[in-house]
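Residues or ranges marked as heme binding site by Swiss-Prot: Cys432. What Swiss-Prot lists as N-linked glycosylation site is Asn169, Asn260, Asn379, Asn410, and the listing cites sequence analysis. Sequence annotations record features per position, and here Swiss-Prot assigns transmembrane segment to 7-23 based on sequence analysis.
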Amino acid sequence: MALSLTTSIALATILFFVYKFATRSKSTKNSLPEPWRLPIIGHMHHLIGTIPHRGVMDLARKYGSLMHLQLGEVSTIVVSSPKWAKEILTTYDITFANRPETLTGEIVAYHNTDIVLAPYGEYWRQLRKLCTLELLSVKKVKSFQSLREEECWNLVQEIKASGSGRPVNLSENIFKLIATILSRAAFGKGIKDQKEFTEIVKEILRQTGGFDVADIFPSKKFLHHLSGKRARLTSIHQKLDNLINNLVAEHTVKTSSKTNETLLDVLLRLKDSAEFPLTADNVKAIILDMFGAGTDTSSATIEWAISELIKCPRAMEKVQVELRKALNGKERIHEEDIQELSYLNLVIKETLRLHPPLPLVMPRECRQPVNLAGYDIPNKTKLIVNVFAINRDPEYWKDAETFIPERFENSSTTVMGAEYEYLPFGAGRRMCPGAALGLANVQLPLANILYHFNWKLPNGASYDQIDMTESFGATVQRKTELLLVPSF
């Protein structure tokens, strides 16, 4: 029987893919260890049905902490140990300093002109300098202290108004709190359409999580349309662009001292100067970073900290005793009151170890061919550092899966990427530039929630019944919302 035209075309397409796959596979002489692969999709079948960071961690434990994965068209190195993280993020840091191009970056992030996705080069270096000296400096983060304190107090009042003994949706409340803090830091006021804005940010994060068909087959443009990804991202971008345009149009640049500048003030000042000229799209891309990278990560960290404390009553009691003893009945908490509270900081460190905000960090890309430990790595190979696996490596951490804040007592370990067994914000040139802001947005809200209220699970459930299931996405979120009952 003669083959139909459709079948012939489909068969020819499959044979073409198989040929390309076979010829590409033979081109690399010294290949890294890898699982068995299939034509066309490569190793994707090993990750189907898994949470990506856990699926990759399980493969690394079988095939090695430096392994290769073929994700569709994309050749990928996966690093899952402190040893290889240190080697690559120091010796080969500049070699892997680029970002892979993605459909999300192209459409949503204004052609990859934000801080996170910008390709390595002069523009990115200027952005990094802008973050270090202006947007995310310690001084600038400190300047937002009063608004953090005010919004945290508003949250406390809102929870009290809901009544003692009634369940509170902490997931919703915490996300709203962080979004409000960041919107005031960026624009000097809350966003009128904040609910719509935060929903758009959440949808962007959902679209960037995992391994999307558009990203594993970047050259197959028809798949971007067939999967509906391009249409979804275009729709998201149009809504987002309209919202940000309105916010910028409503904003009046202050003529006061730099210490009172909002983040948008800084960007508009630089946009109109020769110091570091920015386009309107550049400004919007950077503003998006402040929310996309800041809201979800900080709120998730607070949620996980509270979840772990509910699950571990001993640690919950210890941190609350420390807070209440230090504050001694004080009504409002100021940041100076909690800077030296050691156990609170241990709780945050341990939460970031078990639940790093970006478990696979942001992928990097090789800028040139390189020989790594005897293995030939082609140009444009993607690099994934599995921080989730590194932070739980049993060779470096005793009882690695257990929440034990005391493990950091008398330890010089910091969150800033100096110790490669603990990388909550990554390391090297492309390390998260917003670590200081993120920590400030975690510490004070967490202290307020723990100081003012005692918490328990609804319906008389015991502490060990809390659902700790993770969701699928760019950040490690709880799968279910955190509903707890306050008493005060």
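Glycine is no exception: its Cβ is also placed from the backbone N, Cα and C atoms.
Annotated features taken from Swiss-Prot, shown on the structure.
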residue	record	Cβ within 10 Å
Asn169	N-linked glycosylation site	14
Asn260	N-linked glycosylation site	11
Asn379	N-linked glycosylation site	13
Asn410	N-linked glycosylation site	5
Cys432	heme binding site	25
If you measure from the Cα of Asn169 (N-linked glycosylation site), which of the recorded positions Asn260, Asn379, Asn410, Cys432 is the nearest? Cys432
Looking at the recorded positions listed here (Asn379, Asn410, Cys432), whose Cα lies nearest to that of Asn260 (N-linked glycosylation site)? Cys432
May I ask you to report the DSSP-based helix, strand or coil state of Asn410 (N-linked glycosylation site)? coil
Under a three-state reading of DSSP, tell me whether Asn260 (N-linked glycosylation site) is helix, strand or coil. helix
Between Asn410 (N-linked glycosylation site) and the residue listed as 'heme binding site', the C-alpha gap once rounded to whole angstrom: 26
Reduce the DSSP letter at Asn379 (N-linked glycosylation site) to three states and note it down. coil
Which of the three DSSP states, helix, strand or coil, fits Asn169 (N-linked glycosylation site)? strand
